[in-house]
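Per Swiss-Prot, the features are:
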SIGNAL    1-39  signal peptide
TOPO_DOM  41-275  topological domain 'Extracellular'
CARBOHYD  Asn52  N-linked glycosylation site
CARBOHYD  Asn129  N-linked glycosylation site
DISULFID  Cys190-Cys204  disulfide bond
CARBOHYD  Asn247  N-linked glycosylation site
TRANSMEM  276-296  transmembrane segment
TOPO_DOM  297-302  topological domain 'Cytoplasmic'
TRANSMEM  303-322  transmembrane segment
TOPO_DOM  323-334  topological domain 'Extracellular'
TRANSMEM  335-359  transmembrane segment
TOPO_DOM  360-451  topological domain 'Cytoplasmic'
MOD_RES   Ser382  phosphoserine
TRANSMEM  452-472  transmembrane segment
Amino acid sequence: MSSPNIWSTGSSVYSTPVFSQKMTLWILLLLSLYPGLTRQKSDDDYEDYASNKTWVLTPKVPEGDVTVILNNLLEGYDNKLRPDIGVKPTLIHTDMYVNSIGPVNAINMEYTIDIFFGQTWYDRRLKFNSTIKVLRLNSNMVGKIWIPDTFFRNSKKADAHWITTPNRMLRIWNDGRVLYTLRLTIDAECQLQLHNFPMDEHSCPLEFSSYGYPREEIVYQWKRSSVEVSDTRSWRLYQFSFVGLRNTTEVVKTTSGDYVVMTVYFDLSRRMGYFTIQTYIPCTLIVVLSWVSFWINKDAVPARTSLGITTVLTMTTLSTIARKSLPKVSYVTAMDLFVSVCFIFVFSALVEYGTLHYFVSNRKPSKDKDKKKKNPLLRMFSFKAPTIDIRPRSATIQMNNATHLQERDEEYGYECLDGKDCASFFCCFEDCRTGAWRHGRIHIRIAKMDSYARIFFPTAFCLFNLVYWVSYLYL
């Protein structure tokens, strides 16, 4: 009877470890499923974010492999010798990315340019066998391999960028191809031809070549799409507009050898807005202002004199200001021509009044009036016979007006100028009025000089502007 109890007790004893094992398995199963549920929820929350990513699996390259490759490449490498020395010239492909151009300094005849300059060549000593296609290296590796001695021939000043680290990049492919790029800011020389200033156009060059290797050692070639530019709206050209660019290759012969010279020409066209506002419009207005004196009474000496002198001095100031933005060139520019002609017009207006005032203030009375003044009897007994006017009133008015004009002409009668040369070409109004006209003489009425000037000066100035602008803008 006791046996069953023992077995039952034994079964209960042996069932306890089995139950605990099952519970442990269930707990482990739940714990293994809980991260999956959490990750599923997290994936649901960031489903949109992860859907836009593309994951690329790349073989992990041990750092030691790159170090071994570099050590093997530099072992026995002489960076003082160019590739293929004594076999063939080293071919260097060049390209350029123009970050910005400007400003252009017309006085010093130079311009500033910021570029990324790249050079590519093959060096068989740098070939390596590895699963790595390219070694992307920083500037510390630049001094350990051979680099072309390229320099910019027309640079006055050149700076490499060093912040925050030297802006240089080096790439080495497993087939021995080397790419070397760096960022430079260059102040390059540009000989400006200012004959058409400020309507001038220029081609500013940027030249580079090898400093010590002639074309038997190094040959430069442009890559396809070798020169690219950034957004020109951010360039600091100010007075200029960027028109385009072109690149050329030429050979320059010197005493030390023939060198391959690569040149990029940047075509610039000057904007006229600044000079139109600062020079052309003020000069034109000053010339027009000088014509006001032609409508002022000739007896108003202070008014006309002060107006003429003021306009002349103003033109002198404008011409001086216009020259400050130019180098001291020995030839006449388009702006110099315009300012000089405007000065001549203003000065001529002042001279016109001086001439008029001289003859008016020094006029002599006519011969009939001199006789009357000398003989009082003629003044006393001189009278006009009474006449009966039977003509219409309008005719009488015309006759009276003619008589009045005749008296004014007599009042402004002048003696002829002295000298045979003057008498050969001119006759005074009094002689011409009485019929003393000679062939080849010019009839000039000094009293009407202002009337002549009102027509001559504006007409001549308009013709000058027409010829000036057509010649410089379209021819």
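Each Cβ is built from the backbone N, Cα and C atoms, and glycine gets one as well.
Annotated features taken from Swiss-Prot, shown on the structure.
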residue : record                      : Cβ neighbours (10 Å)
Asn129  : N-linked glycosylation site : 8
Cys190  : disulfide bond              : 19
Cys204  : disulfide bond              : 23
Asn247  : N-linked glycosylation site : 14
For Asn129 (N-linked glycosylation site), the one of Cys190, Cys204, Asn247 that lies nearest, given that the recorded positions are compared by Cα:
Asn247
Mean pLDDT for the topological domain 'Extracellular' (323-334), as a whole number?
89
Residue numbers, six or more beyond the limits of the topological domain 'Cytoplasmic' (297-302), whose CB comes under 8 Å of its CB atoms:
353, 356-357, 360, 450
Cβ under 8 Å to the topological domain 'Extracellular' (323-334), counting only same-chain residues 6 or more beyond its ends: which ones?
106-109, 192, 194-199, 340, 468, 472
To the nearest whole angstrom, state the Cα distance for the pair Asn247 (N-linked glycosylation site) and Cys204 (disulfide bond).
11
Provide the three-state secondary structure of Asn247 (N-linked glycosylation site) computed with DSSP.
strand
Could you give me the DSSP helix, strand and coil counts for the topological domain 'Cytoplasmic' (297-302)?
2 helix, 0 strand, 4 coil
Using DSSP, what is the helix/strand/coil residue split across the topological domain 'Extracellular' (323-334)?
3 helix, 0 strand, 9 coil
